[in-house]
Amino acid sequence: MLDLRNVAQNFDAVVARLKTRGGNLDLGPFQRLFAERRELYVSVESLAARRNAANEEMKRKAKEDPKALDALRGDLRAVSQEIKEKEARLKDVEEELNRILLLIPNVPHESVPEGGGAEDNVQVSIWGQKPDLLFAPKQHFELGEKLGMLDFERAAKVSGSRFTFYKGALARLERALVTFMIDVHTSKGYTELLPPYLVLRETMMGTGQLPKFEDDAFKTLGEPERFLIPTAEVPVTNYHADEILEGESLPIRYCAFSPSFRAEAGAAGKDTRGLIRQHQFHKVELVKFAHQEKSLDELEAMTDDACDILRRLGIHHRVMLLCTGDMGFAARKTYDIEVWLPGQNSYREISSCSDCGDFQARRAKIRYRAQRGDKPQLAHTLNGSGLAVGRTTIAILENYQREDGSVAIPEALVPYMGGLKELKPI
């Protein structure tokens, strides 16, 4: 959530930068309500001063002219009633301003290029080479079904579309990837968390999933209302909600494995086959809490930590700096890591790493003291996939496929696979 006073004091500049994100953004009501809020504050303060003066006058009159007290009491009641009415209206105005702020995305950082969509993203680095396959490569779902290790048909029977059963060695590969990723990240100073998969509404509000993206969430019907997490970012970021951290403890780094659940409300007709866009998928998430002036450096480090998984797996990839029109709601700066998929003959996102500034921390009330005894200030939060496990499985299937339909297992994963070096049809 943006800072109320900053939006009001720098309204034109904030609106201009937000408009580079695209979409329809009407902040006219914000200006009107903020002006009313200011007037109400002035009025309430003035009335409170009148009430205080009336109280003092009553004390004086009680000694000098007791007969005048009735008139003064009437005036005091009228002033008190007016204060009560204006304070009630002030509460309504502030609640409405808060509702507006909850729907406004983060302001892009000045280093983020302007643009309307993916075509305006900027490549900042590239690693490795595309595999030199001397045959027509297959897509991952063709390979998985031929291996007898991906079963979309039975999953549809059980759960409907956009689900799958992993089977045999491919199920083990997915599990091996999770352990491998966690091992790599914890070796770099990340602390592993195993989070809850169901969270409260205020938890989803804290990271910015709600209220704007409620249609893309799965939720329970009972009370209290709970949501299945769309990413471990949600519970892990809120791990420090309503807390004041000590500056010397920052940056705090967490990694967490979890299933992720998404309704994919706007994905009709997109990636209908395979593992790219599922209602349930696995992900290892990276989350950081940083000093305000150091979060951009932490974003660079986090992005490299995610890329390191792909380097160790020997998979060609590139890093893209997202333009203003392609960034997520809570992010002020984002790098997408895109992996090459020979079967699709295209790059596909396997990780998004974002610096959210104080946007989430303001919602979740996550603060820190730079020095002991200092006034608390909002922390900066960062998050990124390290990596999306299903999409990493896709990348292995397509990049390590052989002409006979078997798939080599990357050397780094062989110890996690009990020495197994290839996937062969069941």
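Any Cβ shown, glycine's included, is placed from N, Cα and C.
The model shown is predicted, which means the values in this text are computed figures rather than measured ones.
Under DSSP, ALA232 (L-serine binding site) is assigned to coil, being neither helix nor strand in the three-state scheme. Residues near ALA232 (L-serine binding site) in space but far in sequence (CB under 8 A, at least 6 apart, same chain), listed by position: LEU193, PRO195, ALA256, PHE257, SER258, SER260, LYS283, VAL284, GLU285, VAL287. What Swiss-Prot records for THR231, ALA232, GLU233, GLU285, SER385 is L-serine binding site, and it gives sequence analysis as the kind of evidence.
Annotation source Swiss-Prot lists ATP binding site at ARG262, ALA263, GLU264, GLU349, ILE350, SER351, SER352. In the three-state DSSP scheme, ARG262 (ATP binding site) falls into the coil class. ARG262 (ATP binding site) counts 20 other C-beta atoms within 10 Å of its own C-beta, drawing on all protein chains shown.
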Between ALA263 (ATP binding site) and SER385 (L-serine binding site), the C-alpha gap once rounded to whole angstrom: 19
Of THR231, GLU233, SER385, i.e. the binding-site residues, those within 10 Å of SER351 (ATP binding site) when Cα atoms are compared: SER385
Other CB atoms within 10 A, centred on GLU233 (L-serine binding site): 30
Which binding-site residues sit within 10 Å of ILE350 (ATP binding site) - Cα, from THR231, GLU233, SER385: SER385
By Cα-Cα distance, the member of binding-site residues THR231, GLU233, SER385 nearest GLU264 (ATP binding site): THR231
The one of ALA263, ILE350 whose CB sees the fewest other CB atoms within 10 Å, among these binding-site residues: ALA263
